[in-house]
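Summarising the annotation, Swiss-Prot assigns ATP binding site to G217, A218, A219, G220, I221, G222, K223, S224. Feature annotation from Swiss-Prot assigns domain 'Pyrin' to 1-95; the stated evidence is sequence analysis. Under the heading domain 'NACHT', Swiss-Prot lists 211-528. Swiss-Prot lists 828-848 with the feature repeat 'LRR 1'. Per Swiss-Prot, the feature repeat 'LRR 2' maps to 857-878. Annotated repeat 'LRR 3' per Swiss-Prot: 885-906, in sequence order. The repeat 'LRR 4' feature in Swiss-Prot is assigned to 914-935. Residues annotated as repeat 'LRR 5' in Swiss-Prot: 942-962. Positions annotated as repeat 'LRR 6' by Swiss-Prot: 971-992. What Swiss-Prot records for 999-1020 is repeat 'LRR 7'. If you look up Swiss-Prot, you'll see 1028-1049 marked as repeat 'LRR 8'.
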Amino acid sequence: MLRTAGRDGLCRLSTYLEELEAVELKKFKLYLGTATELGEGKIPWGSMEKAGPLEMAQLLITHFGPEEAWRLALSTFERINRKDLWERGQREDLVRDTPPGGPSSLGNQSTCLLEVSLVTPRKDPQETYRDYVRRKFRLMEDRNARLGECVNLSHRYTRLLLVKEHSNPMQVQQQLLDTGRGHARTVGHQASPIKIETLFEPDEERPEPPRTVVMQGAAGIGKSMLAHKVMLDWADGKLFQGRFDYLFYINCREMNQSATECSMQDLIFSCWPEPSAPLQELIRVPERLLFIIDGFDELKPSFHDPQGPWCLCWEEKRPTELLLNSLIRKKLLPELSLLITTRPTALEKLHRLLEHPRHVEILGFSEAERKEYFYKYFHNAEQAGQVFNYVRDNEPLFTMCFVPLVCWVVCTCLQQQLEGGGLLRQTSRTTTAVYMLYLLSLMQPKPGAPRLQPPPNQRGLCSLAADGLWNQKILFEEQDLRKHGLDGEDVSAFLNMNIFQKDINCERYYSFIHLSFQEFFAAMYYILDEGEGGAGPDQDVTRLLTEYAFSERSFLALTSRFLFGLLNEETRSHLEKSLCWKVSPHIKMDLLQWIQSKAQSDGSTLQQGSLEFFSCLYEIQEEEFIQQALSHFQVIVVSNIASKMEHMVSSFCLKRCRSAQVLHLYGATYSADGEDRARCSAGAHTLLVQLPERTVLLDAYSEHLAAALCTNPNLIELSLYRNALGSRGVKLLCQGLRHPNCKLQNLRLKRCRISSSACEDLSAALIANKNLTRMDLSGNGVGFPGMMLLCEGLRHPQCRLQMIQLRKCQLESGACQEMASVLGTNPHLVELDLTGNALEDLGLRLLCQGLRHPVCRLRTLWLKICRLTAAACDELASTLSVNQSLRELDLSLNELGDLGVLLLCEGLRHPTCKLQTLRLGICRLGSAACEGLSVVLQANHNLRELDLSFNDLGDWGLWLLAEGLQHPACRLQKLWLDSCGLTAKACENLYFTLGINQTLTDLYLTNNALGDTGVRLLCKRLSHPGCKLRVLWLFGMDLNKMTHSRLAALRVTKPYLDIGC
């Protein structure tokens, strides 16, 4: 009897200790040691330190006996703040005090079963259910777990990054996993973090608690594990206490297979641990129920459009499609709450069923959580640190570990390498290499076996994967397996090796453990020898590529990347030697020929799908192949580069580009600047972290670009728009610019996070590189210190720069003195753009000193938005009378006013003024300014273009201007009068002007109230053979059908005439 009591106590105590997390178990041991340090039965710390739950229970009972061990454990549970275990233990003690005569017919059955039998009749139904949920969700099996192996969910689970989701459905990518792209949004600016604990709490947007929460996330991002953790934490009393009395978990994949009708009662019974559930208690307060519907995207199409009446009460039996729809649509018990998980591909279908749900997106692991995951996966802290540091230093691997599933794959692969005694190698740097390493690790030989053990009929597996991919099918029935030569024995082998998963509760249906693995095997199907792929689709790789067309939205995107990666020589060797698969020898040549034909059809320009194309080339990791593939393109434009990984992929490929003449790399970081609108990526399936603006790119990125400058003698233009190079990146890039082989002529570094200190390296590059003639540094924090450094290079006799753009570079008046000295010493500089800098009148006065210098050869000067006033125009006027080289001057968006323009006209009228283009848009001009400009048009024979847009000139101003336009000496060819307050009366003057002026060819009148009368008058003049006008823009006017007909007729009689309306 004593032995029975001991077994009983050991069973009960070890069960309770098993529920403690690792930290809690350590605290339990410390508190226990404190409580017993004065007693004779004290347990030595050396015995407790490494003891697990079972060993700890044995130590307690050995030293104190069953009763005292149980008492000590309960008091310690209370001290470590696990009151749920203390309260449950107290209740069990009450039941155990049942008087003699209780059930004794169990005989020699397990005392643990006797305990349950004794407790059940008097146990609270909610506690019974909580116990069941704990048992069901406490343990989880890894995908490669052997029989009986499991992991405590609480010990492995790592908190996921959740944000409130407000993105448009068009921004959601249709594919389920694409490790080559990250989440294309700036998390800190476009989404609000949220915790699981507050999912059903009100916030500023909704004062009432939401009844439905949708958690979306790409495949492998951790939706199901999170749903399981919610169930477990509720059962443990850590979550939603006081909010929900019961949580029920519904697996949509299992619901797919239900062929019989069922009711809500039946659904509850299927979740309940006992034959009957307390339905009346549940119905009584439905608002305290939460149903977790896991995997909405996996439901069959019939679930989205069910036929028949809704299920409106608990007892009604309906097909599972109708039952689940009634539950989701809140036709059945609208008071209850729902937590629905889904992939982005099903969001639109789900939206149609719900009313005002809260949307939450699972973004995966942050950097800190990735580290935490590694330390939880590897129990050895030293080993965990070694692996994490390796992965952190390996950019592609570390980026992919943002996705929990991929994080697990990487950990599994690297653990296999460590256990094999090998060093951590660089073979895991691509997506394909990671998946191949995972596959090989699953096929490691058993002890004593001579070689890897591949699955039987592996080619049939690849054929099944490809067939499912083309038909967009992820669940397979028995007949699908038979079609590809796979029988039950094959499936059993795949399950054992964790390549092919058989659903525990859906035995008739099978699936790959993850869509990405199906795509991996589908790619292998295409590299097998012809006829070796089973009953799958056509193995013509060109059909695959044509359908894919390097589109990130294509359902073939990841498969195509895997295809390139599998053709890597080392990977191919693994396939042939380790798995005995024969790879088709002509696939590489087929790929190169297809790329060549695509280049020819696109005019040797790579733009559409360029980033996806680079991702494919990155996977193959073969220098010669990449060089051949890129040799057919002369112009390469890569847009929307949103992550460090994408920058790395791009620079990796461009380093191996030997033929391109023009390279443009556009980053995708959001900007509030209207001029630089964000080019945001539309995909939500993407799974990499977008680069924050405050972060600079890795050195390797700039090193690769510098290498491209050294090795590609054809490269003459490089544009790096919104690439966060930073000072270190610029230094590395300039090493390439200074290389003798560099022939670059045009360098654009607009908004590349360049500080003033980096200008020293740029200055040295200007001196060393005599080919460089154009440079754009706009949108960088150059400032006065940077300008000083930059001008040292610009003043050097060897500098050959002809154009420099310094828009919005935080320059002030002091910078103009430096630039003036450049204008006085550098005869090569002909274009200068200082737009968007607060130069003010003082700065312009200093700049004019350089403009008046005899050495100055400047032809084009942009001074838009420079805080200039009328006072600056006097200085400009005197400069225009002296400078013989200036041809274009832009003063738009400065408050010059009529007085300023009248002063400017004095210089414009001077006989030596050679200005041809003058822009005065949005300069607060009125009709008075037109009088002075009219005189200029008569006196200045060089002026060809005049922009007066967005000034309140009015009809009187145009009348004054027309006097100059009608003068025989006027040579103006283009005139902008957009939004100048003109009416139909102005058209009378224009009518006569166009009849006289023989040089004006372009007239822009957008957003003026000319009306039908005014426009028809213009049409009358335009129809005259003597009218020389070729461009007339009339956008923004409300014209009737008759006027539009007149314009259409005019287009017919004068097809060369560009009429915009």
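Each residue, glycine too, has its Cβ placed from N, Cα and C.
The structure displayed is predicted, hence computed values, not measured ones.
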G217 (ATP binding site) CB neighbourhood, other CB atoms within 10 A: 28
Close approaches to the repeat 'LRR 6' (971-992) from elsewhere in its chain (Cβ under 8 angstroms; 6 or more beyond its ends): 921, 937, 941-955, 957-959, 962, 965, 999-1011, 1013-1015, 1017-1018, 1020-1021, 1033
Local Cβ density at G222 (ATP binding site) - other Cβ atoms counted within 10 Å: 27
Tertiary contacts of the repeat 'LRR 5' (942-962) (same chain, 6+ residues out, Cβ under 8 Å): 892, 908, 913-927, 929-931, 933-934, 936, 971-983, 985-986, 989-990, 992-993, 1004
Number of other Cβ atoms within 10 Å of the Cβ of K223 (ATP binding site) across all protein chains: 24
For S224 (ATP binding site), the number of other Cβ atoms found within 10 Å of its own Cβ: 17
Secondary structure composition of the repeat 'LRR 1' (828-848) [DSSP: H/G/I, E/B, coil]: 9 helix, 4 strand, 8 coil
Secondary structure composition of the repeat 'LRR 3' (885-906) [DSSP: H/G/I, E/B, coil]: 10 helix, 4 strand, 8 coil
Surrounding residues of the repeat 'LRR 7' (999-1020) on its own chain - C-beta under 8 Å, 6+ positions past either end: 949, 965, 970-988, 990-991, 993, 1028-1037, 1039-1040, 1042-1043, 1046-1047, 1050, 1060
Around the Cβ of I221 (ATP binding site), the count of other Cβ atoms that are within 10 Å: 30
Model confidence over the repeat 'LRR 6' (971-992), averaged pLDDT: 94
Secondary structure content of the repeat 'LRR 2' (857-878), with strand meaning DSSP E or B: 9 helix, 4 strand, 9 coil
